[in-house]
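K.L.:
This is the structure I have questions about; it appears just below.
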């Protein structure tokens, strides 16, 4: 058959090859196959956010003003979550809630699901972009692996947490002050700061900041004095092949300071990768736990003793009371759909009240 029909040859003008050639061409801004996901999703997510913060009110979902048009500023404007009555609806523009009416869709909070879902896929597209470029230039994929950590945090906080609760309503709205409100909510209703996964996240982020500061200062401190420029930026050519700092000197310095030091650059830089990425992954796992209403550390024996003995108090029992105050103050305003009414005598009083 092969002799009769001839050898099969692939059409060189195959549509896939043409597309592949155009997408992966060397240009100022690389597109790639990942760009087919990244660029449209990022465009729609950012566009939805700018549209919402500029024009769209949160009156119908939260009883709040949330746009520049209503007098908010950059810190107080937000794209707010849908009302709790809409549960986990995707709130599609053409769905049964909005029925193709754009104004109604915005009033119902449709922009939040639009921004959240397109934002999640944009972040995934950016990670795939790093994979694709690394493969093209024959690098290992650690950049993409590292970027999976902020993606995990975004997905756990904005998508998985509200999926575990009664609706998108309990996710953070997209705004600065809105995120602060969400943090207070997390503390008051979940005691988040006493959650071991939050502790690991804080250790990872602050530890990474410390490592970056130490690493940058050490490299600057151990630069070879063989440049004739006035400062670091003038002394060396940015394209030179040879190193401009001494690892041996750095190792000796920190060995004297701490008694231990990194012996090679691979281990040093892997550690700088490992600390923040692991911290963010752990905090994302913790938020998944909160979605299921898992509790933080509970020191019940201290609570019982504090209830029995008015003179006994610890920072833990103090924080428990503060959390109760947050819940009492926030619940009525933050969950208007519940019609919660707290009598004046049960609300906590601060010195200013």
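The backbone N, Cα and C atoms fix where each Cβ goes, glycine too.
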K.L.:
Of 177-193, 245-261, 262-278, 279-295, which span is tagged transmembrane segment by Swiss-Prot?
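P.N.:
The listed stretch tagged transmembrane segment in Swiss-Prot is 279-295.
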K.L.:
Give the range, chosen from 208-228, 313-333, that Swiss-Prot lists as transmembrane segment.
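P.N.:
Result: 208-228 is the stretch Swiss-Prot calls transmembrane segment.
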K.L.:
Using DSSP with the three-state reduction, classify residue 118 (chlorophyll a ChlzD2 binding site) as helix, strand or coil.
P.N.:
helix
K.L.:
Which one is it: of the binding-site residues 198, 215, 262, 269, whose Cα lies the shortest distance from the Cα of residue 130 (pheophytin a binding site)?
P.N.:
269
K.L.:
Rounded to the nearest angstrom, how far is the Cα of residue 262 (plastoquinone binding site) from the Cα of residue 269 (Fe cation binding site)?
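P.N.:
With the alpha carbons as reference points, the distance is 10 Å.
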K.L.:
So, taking each listed stretch (41-61, 125-141, 153-166, 208-228) in turn and counting its Cβ pairs to the transmembrane segment (279-295) that are under 8 angstroms, which one gives the highest count?
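P.N.:
Per the Cβ under 8 Å count, 153-166.
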K.L.:
Under 8 angstroms, Cβ to Cβ: which one of 125-141, 153-166, 208-228 has the largest number of such pairs with the transmembrane segment (41-61)?
P.N.:
125-141
K.L.:
What's the number of neighbouring CB atoms sitting within 10 A of the CB on residue 143 (pheophytin a binding site)?
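P.N.:
Result for residue 143 (pheophytin a binding site): 15 neighbouring Cβ atoms inside 10 Å.
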